[in-house]
Amino acid sequence: MDSESVETFYSVESALSSSSIRSNFSIQSKASGRNSIREVNFGDLGSKPVRYGSHGAGSETYSISMSQREINDEDARLVHINDPVQTNERFEFSGNSIRTGKYSILTFLPRNLFEQFHRVAYIYFLVIAVLNQLPQLAVFGRGVSILPLAFVLLVTAVKDAYEDYRRHRSDRIENNRLASVLVNDQFQQKKWKKIEVGEIIKIYANETIPCDIVLLSTSDPTGVAYVQTINLDGESNLKTRYAKQETLIKIPEKDNLTGLIKCEKPNRNIYGFQANMEVDGKRLSLGPSNIILRGCELKNTAWAVGVAVYAGRETKVMLNSSGAPSKRSRLETHMNLEIIFLSLFLIALCTVVSVCAAVWLRRHRDELDYLPFYRRKNFSEDGEEENYNYSGWGLEICFTFLMSVIVFQIMIPISLYISMELVRVGQAYFMIRDTQMYDESSNSRFQCRALNINEDLGQIKYVFSDKTGTLTENKMEFQCASIWGVDYSGGKAISQDQKDGYFVKVDRKVLRPKMKVKTDPELLQLARNGKETEEGSHVHDFFLALAACNTIVPLIVDTDDPFVKLIGYQGESPDEQALVYAAASYGFMLIERTSGHIMIDIQGERQRFNVLGLHEFDSDRKRMSVILGFPDKSVKIFVKGADTSMFSVVDRSMNKNVIRTTEAHLYSYSSLGLRTLVIGMRDLSTSEFEEWHSAFEVASTALMGRASLLRKVASNIENNLCILGASGIEDKLQQGVPEAIESLRTAGIKVWVLTGDKQETAISIGYSSKLLTNKMTQIIINSRSKESCRKSLEDGIIMSKKLTTISGTTNYTGGTSGAGLTPVALIIDGTSLVYILDSELEESLFQLACNCSVVLCCRVAPLQKAGIVSLVKKRTADMTLAIGDGANDVSMIQMADVGVGISGQEGRQAVMASDFAMGQFRFLVPLLLVHGHWNYQRMGYMVLYNFYRNAVFVLVLFWYVLFTCFTLTTAITDWSSVLYSIVYTSLPTILVGILDKDLSRRSLLKYPQLYGAGQRQECYNKKLFWITMIDTFWQSAVTFFIPLLAYWSSTIDASSIGDLWTLAVVILVNLHLAMDVMRWNWLTHAAIWGSIIATFICVIVIDSLPFLVGYWAIFEIMKTGLFWLCLLAIIVAALIPRFVVKVLYQLYVPSDVQIAREIEKFQTQTESGAVEIEMNSILDTPRR
């Protein structure tokens, strides 16, 4: 290619490669692998059903469909550059003020009440309170009847008001930040909230972008700007954005910069942008790399100028600010069934009372004229006979029913809801403060982002895990390379100069890579020798490709030594960083990158290469390429990518042996668990380059189908490559992963790994993490058609059944326990899942998976991960948990019952979409086996206890009604009825729900099988509910009838015996709770005994007030010994049956938890070993 031709293209391409090429392929880079799932939520896709069996190209489809259509005026937003008045003349766009607060002073009360009354139980209690206001139905005092509901509403409203106050305070700080805005040809400080669409804004280094802006110019002469999107998606790596050449040369303060931008309407797609701009009569296309979004920070760039296109609530970050889908606890869902039953029981009680009242009224109809409560005769001297206090037989029955509902209302425990919220907050506090779930490397604590599903952590049966960054560290380390058919695995001893690492001297200062990489001595020597030999030439080209074919940004970092500087590499992919560090260690150090050129120090000699074209990675091509102009005026294209895509574009007629050997090396690397990439290159002739350039120019300026056209241009140039070699990068397992997986499997939890990596890599990681073992029989499904999938699944089902039958393991609904002699592992790839998911083959896959101990899915797309989770959720009642660290795991995390995000190297999208977040996979063990077990046991017991506590009280009232002519009068005072759930008995329940531990952390971790108690729902089920209700019935009868019989012949009044019943019930329910407390501490003692003392004080105070009914009653009855004897008899008689049953049950049918508790009591080795055998035998029994 002649020099004049190349030089002509250099000036053009230095600009083109910066803006157009990058702009149209950056969306594909983000869509591939890690962030494509974000795309399915945007635009028109929201209304369409999601097909999980797709090739994972949901984002691709979206971007293509967006680019294949012209932006018409109806669908477009017109922004006049530097003219906000004309921009907002036709349509007044949103201002830049943001508001994340839900309420204002005026709307708080109505809106908050409306939201709270979404709970049906609150409506029930409101109706009860309203009924009690009617004179005919007034049982309690009108103010007293409203108090419980008002208290619960007030507590929730105060919590919501405080949270909203914090949001408003944050909004106020955000809206009053200052930015430089062009006003009257001068940049002036302006508050963010006053910025308008169309205004030109200047951003300085390290400042935050106030709104979505299209980049016009930067301090870099080539128009490049580096931004950090950590506030947007959590990624700390720098991204590159570009200004168009046509606007780059203009100075806003001096040149009258005008133009028109026609862009798409505001949408949630943070990785896509479709627009065109008219400047000086030219029409330019704009893409994702030309826009900087609100919340990003400008880095390594002195300043940048842009025009506001989306402001305020219309910015992409604000449109994406909606939270993850709300999830409800499984226990709370089951609790609703019991509440329905209690409601029916309440109706039955009221019906009994009203029917009995009807019969009584019929029998005594002749006496109603003279009975004090019902009398109809007026005996005044001059008054006429009239009826009052009686509304007729029919209405009296209706009134009796409604009054019964009011009296027995606390059968539905309103305090349970607020108690559950407080307990969950307390549990979350202790989970967050757990030092065993603190990650020192990232300085991150456990995060509890969803308070309503704490107890679900104790019932998990399936764990779906990502691999990269979740099981592994996602800190890539270059391990080996295959160059021109020779394997360099670096197994030899490392010399001293290699330990020191590669460095270069610049202006008497030493510049060395920030991260050292282990080098192979032989390969290092070849790299130093340069192109003297053919072998050295291939090595030179290989490492040049690693240093150049990327989007890495080099950063100079100061050290304590002023003469030593470190060069660090920032990029969107950890793989790219590892490769560039490897190239630097072998003497190919990337020093500088602009949009038009790169500077590489090759063995101490700096060389400048012009970047003539850059096609970034996308999930269709699965490769990226760079076109370099060399100092000798030659042009070459370097390509790197996945082996499946690279071998399809390699010229196989050349160097067949090299290709065959490289393929063998790739298989070997994958078997070691290494991530692999293939490197290729070729020279471009003048005609090829000109053809590519013209095609690219047409594609980059196209207003329709731009993305697909650019992809086609890239595919046309990336062919007939000469293979250079392959790289092997190690993504090390996180600390404690093998032990964590082993503990989870021992606990009866099935671990499925869903990864986008190739099969050999995934299998190798499976072995190293102890997910796979040598004893397992592997069923591998790699099919390319639906019929082939069907046949593979049928064969797999037959084989798995044979193996499980031989090993003596029976397949239950929940699958095998994996404890047989021949466990089975299913390994399936994403292509096979394309034909299986969303088809009739799903059932076969589920049946096969249930027969397997382990399922490993390779090469799966983000939507397929969600499809796998959905497959299990739809076909089993077992709880599912998904854990991942990247944006490609978001759909899986949101689909599962419980979502856990890892705050790792791939940003914080997974964390932001999760219910819980932590720093390491191994923390899943204490989270589930310890906190999950505790939370489930505490919450299950607390719900049952609340049902029991309220039912005892209601049944005492019911027994009293039966002995008072069904008149619904109550011996227990109104205030005691109200304070019963709020003061007398609430605090002990909450403290036990937060602090009680049935087993120590040590035991729960030592015996993971104990986790099965939650999976089998041993702490909360229908059997326990009915046993509790029977016990409740007995205790209420004892509490009522012992005092009744004791005082039958006495002249005691109703208030006095009512006080006795009040104190008896409170003492009884607190002692009932005390019998079940496992771990006593001073707080528990204070709460339980303090509640009993508080009840005595409250009853004494209430009876000391002369204006209340029952004045001085407690003092009269407490004088007698019969009062104290009744209390003692009630407690003994009520609790003895429960105590006897509990002892017999623990002696003859002990549960796993009870056995482990005995082990804790007797810590000698002999006793511990003997009891452990007994526990394991119980655990091996079939489970639901």
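For all residues, glycine too, the Cβ spot is worked out from N, Cα and C.
According to TrEMBL:
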type     : residues  : note
DOMAIN   : 79-145    : domain 'P-type ATPase N-terminal'
TRANSMEM : 120-138   : transmembrane segment
TRANSMEM : 144-162   : transmembrane segment
DOMAIN   : 178-241   : domain 'P-type ATPase A'
TRANSMEM : 337-361   : transmembrane segment
TRANSMEM : 393-418   : transmembrane segment
DOMAIN   : 911-1150  : domain 'P-type ATPase C-terminal'
TRANSMEM : 947-972   : transmembrane segment
TRANSMEM : 978-995   : transmembrane segment
TRANSMEM : 1024-1048 : transmembrane segment
TRANSMEM : 1054-1074 : transmembrane segment
TRANSMEM : 1086-1115 : transmembrane segment
TRANSMEM : 1121-1141 : transmembrane segment
* When each of 393-418, 947-972, 1024-1048, 1054-1074 is checked against the transmembrane segment (337-361) for Cβ pairs under 8 Å, which one has the most? -> 393-418
* When you check the transmembrane segment (978-995) against the transmembrane segment (1024-1048), do you get at least 3 Cβ pairs under 8 Å, counting only pairs 6 or more apart in sequence? -> no
* To do: With the transmembrane segment (393-418) as the reference, find which of 144-162, 947-972, 1054-1074, 1086-1115, 1121-1141 contributes the most Cβ pairs under 8 Å.
  => 947-972
* Asked: Quick one: do the transmembrane segment (1121-1141) and the transmembrane segment (1054-1074) have at least 3 Cβ pairs under 8 Å, skipping pairs fewer than 6 apart in sequence?
  -> yes
* Structure fact -> Per the Cβ under 8 Å criterion, with at least 6 residues separating them from its ends, the transmembrane segment (1086-1115) contacts 973-976, 979, 983-985, 987-988, 991-992, 1053, 1055-1056, 1058-1059, 1062-1063, 1066-1067, 1070, 1073-1074, 1077
* Asked: For the domain 'P-type ATPase N-terminal' (79-145), what's the model's average pLDDT?
  -> 79
